[in-house]
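K.L.:
Straight out of TrEMBL:
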- 23-72: domain 'Inhibitor I9' (DOMAIN)
- 94-542: domain 'Peptidase S8/S53' (DOMAIN)
- Asp101: active site, charge relay system (ACT_SITE)
- His162: active site, charge relay system (ACT_SITE)
- Ser493: active site, charge relay system (ACT_SITE)
- 600-698: domain 'Subtilisin-like protease fibronectin type-III' (DOMAIN)
Amino acid sequence: MGDRPHHSGDTSTSLVGQHISISASLAKESLVYSYGRSFNGFAAKLSPPEVDTFSKMERVISVIPNHKLHLHTTHSWEFMDFSPGKIRPQEEGNIVIGFLDSGIWPESESFNDEGMSPPPAKWKGKCHNITCNNKIIGARYYNSEGLYPTTEFKSPRDAIGHGTHTSSTAAGREVDGASFLGLAKGTATGGVPNARIAVYKVCWDMLGCSNADILAAFDDAIADGVDILSMSLGSDDPQPFFDDALAIGAFHAMKRGVLSSASAGNSGPSPATASNLAPWMLTVAASSMDRKFISQVVLGNGEIYPGIAVNSFKLNGTSFPLVWAGDVANYSGGNGLLNAKNCLPGSLNSNKIAGKIVLCNSVLGDYTGVVMANGLGAIVSFPIPFLIDIALSYPLPATQVKTGDGDAILEYIRTTENPIGTILVGETWKDIMAPYVASFSSRGPNRLNPEILKPDITAPGLDILAAWSPVASPSGSPFDTRKVKFNVISGTSMSCPHASAVAAYVKALHPNWSPAAIKSAIMTTANVMDPRKNDDHEFAYGAGHINPLAVTNPGLVYNASEADYIHFLCKQGYNTSTLKQITGESNASCDGVVPGRAWDLNYPTFGVAVEDGQSVNATFTRTVTNVASTNSTYRVTVQMSSSVNVEVHPKKLSFSTVGEKKTFTVKVSGPKMVEQPIQSGTIVWKDGVHVVRSPLVVYTITTNSMTTSPFRPTERIRFGANSINWNMHF
């Protein structure tokens, strides 16, 4: 977390050599990256004793292991009534979105630069090993381990499709007639099709995304001149902020005026699974839109069962023999009923299923055994009902049905002498329930800071059509030989670039707004989600569903600076000397700050985490900045359950100039709470034109789940490995 070095010279190499007693040449071999363009530090290969030596150095703020993160895997803009690229395209063209991802397929139609001017004068980026244009203006790649799978490219070129999909979702050009093999045909476009794209490839097929590479990408991206960073990746297990490369990089980006948008993760619907929890990041959940992909099963008795799948295979209505996987186990291969009915690899007898459609009762939604045994198609019966919202793509005719429908199909197979059926090619149906949060989208509450509501926002992330790498399997299966230019996939990886595009849209119209102001505008103008469709309420969708139509005119914003986040960190247990080393600023201080709750961080949402059995008692202080009309008066309304009392003072805020600030307090009180589920409320400021809405949630936590001080700078961690990559920050 150290600031940029204030002197020249390769201090990283000399420090490595000096403190582990090796020559300069060996020090260079040990050194993986030297971070110095935007912040100070390096990545090096160190043994545990060497890690201990560096950890005790006065200049070293933190030494963290090279953890591996994972990728969080266009009707959507129409669904939000937004017309990409139609408003101020010239201003949009000044904005550069940086993508930390798996690279890009530059030849995709989504990245053509027809009619685009040269890159903005501020741009300092480069293109390595691919040809850029006026759309893709930067492309770098990072591989600290030097390992390149045979499926990969030693360049920013995308081998797995993920980075191509996310970058085109946010900033792809309009492409008419786009579809997935005929499904969902229409015009594909990103949210800001005139914005520039800069690619930082940090994720690799089969290898994941390493901390060392991520920090190197941040260092370059900030110095290159990106305006927004989009990161559809994260850890399955949230790390304390300063053991977290994404939080570290995003903090430095925030200092330079760059907002980092990140996916919340795909570990839902279990509670407290959200990742990317730093308050200086925009954390995005995934929700549905009003289009779902259906592939129906038609039985020989005339019964029809709708299934969820992105199925492009045409059986032309021809019926084929049906079998249940449990009846065709590959016993000679050592497989029994359990493996067979789950259709696991090698579990099925190819002599009994060749040319047939197989019914799988699969907890994992697997089909691989059917493909390997030369089955013609698969019907996957999901025993987990909340996972039936995900339309998957398969390398053979396949669809997934609800458990009850799967039971009916099994009954037909068992009671019919020659059961037959077919799987119809996919089609799109209107989903009148949309939007609702996807089952896989990671939920709150925030495991590191219970008072900071996470995720921040939700955006479309279910069944998103966008550009794809033609060398990547559209289903992710090695048995899938189809080549496509566009693909339909789901994940918070898909919702994140929607939010990144909206942030870029705001930045284009308000280039001087801070990252916190942009984030506030996105959150306080969000559309209200229906809690009846989302049992987890704000823990699922945060402030609500992103609304690109309202986001550029929020009326008021909750701004925050580096100093505010420093105060927040002081509350988390950091001390003055550590802060000075982290920020490189002599005035950084924790004097007079008592560690405790984060109620005074100027955040656009309000969270009250009450220890089980304790009464409700919290006071928040907030400051809003007028960014709209010169003479306006806002009045507050509060909605909350009757068991909780909420008082706001003052109840009226009057502004005479743009940029004027006003402060108010919110006092929340109530009786003792025991195992109380989330209670949702809102604090709304209105002036007759603008509606500034902030959620207020009250919920109970157990004592052992309180994590108000997740990190102490003096802690030391020992690892048993002989040698491992470590990331070091001054």
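The backbone N, Cα and C atoms fix where each Cβ goes, glycine too.
Those TrEMBL annotations? Automatic predictions, nothing curated.
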K.L.:
If you draw a 10 Å sphere around the Cβ of Asp101 (active site, charge relay system), how many other Cβ atoms fall inside it, taking every protein chain shown into account?
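P.N.:
Asp101 (active site, charge relay system) is surrounded by 30 other Cβ atoms within 10 Å.
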K.L.:
Could you state the CA-to-CA distance between Asp101 (active site, charge relay system) and Ser493 (active site, charge relay system) to the nearest Å?
P.N.:
10
K.L.:
Counting only other Cβ atoms and using a 10 Å cut-off, which of the active-site residues His162, Ser493 scores lowest?
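P.N.:
Ranked by other Cβ atoms within 10 Å, the active-site residues His162, Ser493 bottom out at His162.
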K.L.:
Would you report the average pLDDT that the model assigns to the domain 'Subtilisin-like protease fibronectin type-III' (600-698)?
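P.N.:
Average per-residue pLDDT within the domain 'Subtilisin-like protease fibronectin type-III' (600-698): 94.
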K.L.:
From the Cα of His162 (active site, charge relay system) across to the Cα of Ser493 (active site, charge relay system), what is the distance in angstrom?
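P.N.:
Pair distance, Cα basis, whole Å: 8 Å.
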K.L.:
DSSP-wise, what's the residue breakdown of the domain 'Subtilisin-like protease fibronectin type-III' (600-698) into helix, strand and coil?
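P.N.:
The domain 'Subtilisin-like protease fibronectin type-III' (600-698) comes out at 0 helix, 63 strand, 36 coil.
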